[in-house]
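> Not my notes, these are from TrEMBL:
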type	residues	note
TRANSMEM	38-59	transmembrane segment
DOMAIN	39-287	domain 'Ion transport'
TRANSMEM	80-105	transmembrane segment
TRANSMEM	125-147	transmembrane segment
TRANSMEM	254-277	transmembrane segment
């Protein structure tokens with residue numbers, strides 16, 4: 001902590017402050033314990049989020065636009081959910097704090113594009129998934145009608161801990177009767193020469209107990225094909241019984257396995273993955289294009305870098321002095337805070353344009369406008 005504090009005093013930068021905060025948290029964990037430290041951090045996070053939410057609402061004017069606009073504001077709902085999770089972690093259980101890790105997705109544009117790659121073309125993905133379900137349903141019907149006996153899966157049953165009543169004589173329990181009912185007993189009049197050994201009999205019975213028929217009903221066939229067929233690399237044929245070539249339905253079973261593999265595993269699932277990958281590639285190219293435009297184009301006038309070749313003013317001087325976007329932002333702030341009775345001609349025009357833009361955005365948020373109408377610019381007024 002002392003080293004971190006010295007770094008902050010000598011070089012007051014964000015990295016030094018983060019190191020001081022991390023060392024302080026570690027010191028609190030070793031001094032007062034993990035749970036009190038977590039409670040203090042949770043209380044601080046709740047207070048910080050309440051203050052941030054109040055300032056956010058005040059800056060955006062959420063309450064002045066009405067409750068409908070407040071509910072439709074996605075960013076406001078996100079911060080409200082963040083505050084709710086913090087409160088649940090503080091007053092209910094600490095495990096709710098693990099949900100706050102998803103805030104990284106909100107902050108990082110790359111991770112946000114990963115989510116958008118699924119949601120942007122969500123309709124195509126859903127329709128392709130419906131096609132996969134239809135194929136699974138049809139293959140389940142065929143399996144139920146013709147290959148019901150092939151749906152034999154190995155299962156791991158839970159041990160039965162139910163206590164059975166004791167018998168007076170050893171070997172006379174229900175388990176003994178079940179396991180050793182066919183074993184030839186010494187002293188009896190049975191011929192023991194052709195009896196299967198007891199160990200082999202027990203092993204066969206245990207192996208039969210670990211297998212189940214999973215296609216006794218059509219619903220169980222659908223569940224088996226959907227669960228095991230989609231998760232297996234070779235399709236449903238990997239989990240079914242291996243047929244013999246002497247069986248009459250051997251050729252039909254081979255065709256059944258191959259059709260499921262090609263139609264569902266190779267075509268349909270790869271269609272879904274292809275849509276997601278193509279969408280992510282499009283989002284990445286759009287991001288790179290935006291960054292390239294910001295680097296090579298003036299944000300204010302739209303002139304490209306090559307237009308300033310062999311000119312007296314370079315592109316860097318143009319965007320830093322003549323068309324500095326932060327100067328325009330300061331001008332907009334000036335128009336917002338200045339009294340309307342003191343406006344000049346250009347300031348009145350800019351204030352009117354800002355007001356029209358805010359009204360149009362407000363209507364878009366509450367769903368009254370699908371596309372914003374073009375803004376009519378009066379050529380008589382100065383730009």
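Glycine is no exception: its Cβ is also placed from the backbone N, Cα and C atoms.
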> Cβ under 8 Å to the transmembrane segment (125-147), counting only same-chain residues 6 or more beyond its ends: which ones?
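Same-chain contacts beyond the flanks: 118, 215, 217-218, 221-222, 224-226, 229-230, 236, 240, 249, 252-253, 256, 259-260, 263-264, 268-269, 271-272, 275-276.
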> Taking residues 6+ outside the transmembrane segment (80-105), which of them lie with a CB under 8 Å of any CB in it?
35, 38-39, 42-43, 45-46, 49-50, 53, 111-112, 114-115
> Taking only the residues in the domain 'Ion transport' (39-287), give me the average pLDDT of this model.
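Mean model confidence (pLDDT) across the domain 'Ion transport' (39-287) is 78.
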